[in-house]
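Read through the structure below, which is laid out as structure tokens, and then see the notes.
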């Protein structure tokens with residue numbers, strides 16, 4: 001799971017002002033994202049049959065590139081189209097209920113603080129998304145930025161749980177994020193609003209891979 005979190009692209013139609021979401025996602029897939037989440041929220045978000053139809057089209061794209069397709073906070077849609085997994089927040093469906101309904105799917109959980117981490121049923125989730133790293137405009141209900149604090153604190157007590165950082169992340173922050181113990185980054189605007197999506201995605205993937213290699217080298221020296 002940790003390798004799958006290297007470059008996690010989160011996107012919905014409201015995040016794509018320059019191009020159609022299908023074009024955006026396909027370009028990101030071509031350029032090296034490792035996981036995709038369909039997060040369809042906002043005032044102009046698709047609903048009902050339109051949302052289902054879009055999810056199916058995005059799922060087909062992800063299958064073509066062998067990238068897992070995750071749906072945000074809509075377990076019924078996950079079940080309906082047999083998506084690869086579900087991502088939920090602290091105030092969404094309880095994770096034990098999600099696992100009961102999706103025994104063989106990927107389940108991710110958002111965590112912001114150590115208090116949230118400590119109260120979460122981590123035994124039934126496959127990864128946690130920690131953030132927001134920086135203040136972000138992509139989520140209207142975003143919590144205060146936590147930087148690397150929570151990631152570092154979690155890694156001190158849990159070396160095994162897969163962690164992805166999210167929230168206002170650009171390539172400038174990748175090194176510090178990986179050094180703090182994250183296994184990858186999740187981005188929205190850094191890809192969806194980029195002038196050149198392929199170039200932006202490749203740069204992010206390059207920075208993540210470089211940071212992971214450097215971290216492993218330091219770990220090997222310490223051993």
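Any Cβ shown, glycine's included, is placed from N, Cα and C.
Quick look at what Swiss-Prot lists:
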- 37, 38, 39, 40, 41, 72, 110, 139: 4-amino-2-methyl-5-(diphosphooxymethyl)pyrimidine binding site (BINDING)
- 73, 92: Mg(2+) binding site (BINDING)
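Structure with Swiss-Prot features highlighted.
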residue : record                                                         : Cβ contacts under 8 Å, 6 or more apart
37      : 4-amino-2-methyl-5-(diphosphooxymethyl)pyrimidine binding site : 8, 9, 10, 11, 70, 71, 72, 87, 186
38      : 4-amino-2-methyl-5-(diphosphooxymethyl)pyrimidine binding site : 11, 12, 54, 55, 58, 69, 70, 71, 72
39      : 4-amino-2-methyl-5-(diphosphooxymethyl)pyrimidine binding site : 10, 11, 12, 15, 72, 73, 87, 188
40      : 4-amino-2-methyl-5-(diphosphooxymethyl)pyrimidine binding site : 12, 13, 14, 46, 51, 54, 55, 72, 74
92      : Mg(2+) binding site                                            : 73
110     : 4-amino-2-methyl-5-(diphosphooxymethyl)pyrimidine binding site : 87, 88, 89, 90, 128, 129, 130, 131, 166
Neighbouring C-beta atoms (10 Å sphere around the C-beta of residue 41 (4-amino-2-methyl-5-(diphosphooxymethyl)pyrimidine binding site)): 16
For the binding-site residues 72, 73, the one whose C-beta sees the most other C-beta atoms within 10 angstroms: 72
